[in-house]
Amino acid sequence: MSRPAGAWRHHPQHRGHMWATSPAFRRQLVLLRTLLPPHPAAGSSSSASSSSSLRFRAMASSAVYEADAEAVIRRITPPLDRARHKGQAGKIAVIGGCREYTGAPYFAAISALKVGADLSHVFCTKDAATVIKSYSPELIVHPILEESYSVRDDERVSVSSKILTEVAKWMERFDCIVVGPGLGRDSFLLDCVGNIMKHARQANIPTVVDGDGLFLVTNNPGLVEGNPLAILTPNVYEYKRLVQKVLNCDINQEAASEQLTTLCQKIGGVTIMRKGKEDLISDGKTVTQVSMFGSPRRCGGQGDILAGSVAVFSSWAQQFVLANEQPTDKRVNPMTLGCIAGSLLLRKAASLAFQKNKRSTVTTDIIELLGKSLEDICPAEH
């Protein structure tokens, strides 16, 4: 049975059917319709491709919604307006980078620029700063973080306070921060970053948590508990540790979507993107997925690309939702939209990179195709 464009295709199955007929589902349906382009005329070649922003499909015993991610990207990506000034398309900061890991924060920060952010900052340790600066002059690098080996015990309180003060001077300028790429697991550094996350939350700055930031959050879930502007992007191993810590159980693949929903609810308010063959995304209310195949090449760094991309799209989605002037309790979750958009763009860029480079594909090859991938979906107007 055909459905109008903008509707969710419904296939009843067990509890998935109960959820799909619930008031919460219907409210989300109405909200997500606002993200779609106008319904194409009958017979239009685009009618099939621009169906719904999120289409229902049954998976196990829970409802999962396959995202029409291209439609989401088209709606939330801001136009290139000549009247805009520097910074209006996004100001992103990456909190990460230590003497062992300099590539990850660079990948995340440069990806944010390649997607379309105007400014991208990196807050890292002094040892990492010069290296990251040498990768690209496009990034604004702040060498202010410290690790235990460089701080005496009697200096820790004062140094930690100084670091937070320095970051706080910049925080309200940012549209989103990314915490974790290349952060490492030094105890003093993690404590300092935990304080930065608390400050970002007080300032209502969306926060994407990836890499070693997830190690920090897994050991201290209170850093994101009840924060609707927090996004966690765990891979299979990070997700396993998070489930074991928060739910005190092992991963249940047969009820993956239900377990993801429960995890979001248990932490309270956060959005989680469980990365994998299909990226599963939940805010504790609905579960969506992006399943477009990307690349069989699993070179390191793709998660960093995703984190930077999600940061930009989430900030754009937030601007889009706020511009629609919907009541707060009726707004679609912009963090979910940012995850959907970031997931698809990475997969598309990875696919293009693999077509060209095959086994030799590396992260920088994918980054260079982010712009083309976005242009193919959402052409810039001249």
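Please read every residue number as a count from 1 along the shown chain.
Cβ atoms are placed via backbone N, Cα and C, with glycine included.
Remember, it's a predicted structure, so these values are computed and weren't measured experimentally.
If you check TrEMBL, you get these features:
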type	residues	note
DOMAIN	69-377	domain 'YjeF C-terminal'
BINDING	Gly182, Asn235, Val236, Tyr237, Glu238, Tyr239, Lys240, Arg241, Asp304	(6S)-NADPHX binding site
BINDING	275-279, 294-303	ATP binding site
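Within the set of binding-site residues (Lys240, Lys275, Lys277, Arg297), the lowest number of other Cβ atoms found within 10 Å of a Cβ is recorded at Lys277. Shown in sequence order, Thr361, Val362, Thr363 are the residues of the chain, 6+ apart in sequence, with a C-beta less than 8 angstroms from the C-beta of Cys299 (ATP binding site). For the binding-site residues listed here (Gly182, Gly301, Gly303), the lowest count of other CB atoms within 10 A around the CB belongs to Gly301. On the 0 to 100 pLDDT scale, the domain 'YjeF C-terminal' (69-377) averages 96 in the predicted structure. Spacing of Asp279 (ATP binding site) relative to Gly182 ((6S)-NADPHX binding site) is 22 Å (Cα to Cα, whole number). Rounded to the nearest whole angstrom, the C-alpha distance between Gly182 ((6S)-NADPHX binding site) and Gly301 (ATP binding site) is 10.
Of the recorded residues, Arg297 (ATP binding site) and Asp304 ((6S)-NADPHX binding site) place their C-alpha atoms 15 Å from one another.
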